[in-house]
């Protein structure tokens, strides 16, 4: 037990140190370039405003194209140049970004722009994704052990095994739904201004690693966020992935068991149908009409038929016996 706790502690420490180092490296590689990019975008906006009275359709089209390009890069040139102080690559945002990499969510709203950042992103993901899978497996195993302990506790109370399985599964589902799908939308509602339904939608799309990118935390322009808001959301995501992975495994087992049961029922129905068919054949073979002549040999097998007729002295009563023997 002691060795297991040491292994878990080492894994957790290694995992989060890896994420923290990745965040710091991305922050160092991308911050200066983003500041230069923001400066050029605000200069482009100022030049557009100075020419506001003499604009041509071509100038408007060029401005819209440049603005669209800037928004895709995560730069929203709202307000004045004081917005340059807001950095998309501070520690909280960088930690959120590395979390989206190792979890393979990939929202697409924040990405490295420099050559060094892009190369490092490939290397970081190459080792980070397997490390994340190991981490999720360990967290999932810990959750399973907690459910087993709960089951043993219920068993000590004299509860039946079927009821224990149902209650532990119900406890696992309800606790996970509350922590990872029920409570976070309340935080998103107060912080992002989303409705509760939108919060649930974002939580599930995120934890299932779909990551559509239509809803992302901490990216609304002009909104002030807590400095570690996105980092805390990233930690919620990492632990939520372990829970929803176990949930998907339970659903897979349920569907597989249902499929096996349906296949077994169909097999039994087919077997009963074949047995009924054979019984019907034997009955038809054992009850031919009087004076019926049957073939002795066929291509499918040989059949031997013996027909014995006995007539008694009493003409009013006749007894006929028929014996049919089939050799398949």
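Here the Cβ of each residue, glycine as well, is placed from N, Cα and C on the backbone.
From a predicted model like this one, the values you see are computed outputs, not experimental measurements.
Annotated in TrEMBL:
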TRANSMEM  6-29  transmembrane segment
DOMAIN    87-143  domain 'Potassium channel'
TRANSMEM  91-110  transmembrane segment
TRANSMEM  116-136  transmembrane segment
TRANSMEM  166-188  transmembrane segment
DOMAIN    185-256  domain 'Potassium channel'
TRANSMEM  200-219  transmembrane segment
TRANSMEM  231-252  transmembrane segment
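Tertiary proximity for the transmembrane segment (116-136) is limited to same-chain residues at least six positions away from its ends with a CB under 8 Å from its CB atoms, namely 11-12, 14-15, 18-19, 22, 25-26, 29-30, 33, 98, 101-104, 238, 241-242, 245. Taking Cβ pairs closer than 8 Å, the transmembrane segment (231-252) reaches residues 91-92, 95-96, 98-100, 103, 105, 132, 135-136, 139-140, 143-144, 169, 172-173, 176, 179-180, 184, 203, 206-209, 217-218 in its own chain, all 6 or more past its ends. Within the chain carrying the transmembrane segment (6-29), a Cβ under 8 angstroms from the stretch's Cβ atoms is held by residues 89-91, 94-95, 97-99, 101-102, 112, 114, 116-117, 120-121, 124, 127-128, 131-132, 134-135, 138, 142, all 6 or more beyond its ends. Mean pLDDT of the predicted structure over the domain 'Potassium channel' (87-143): 92.
Counting residues per DSSP class in helix, strand and coil order gives 48 helix, 0 strand, 24 coil for the domain 'Potassium channel' (185-256). Mapped onto DSSP helix, strand and coil, the domain 'Potassium channel' (87-143) counts 41 helix, 0 strand, 16 coil.
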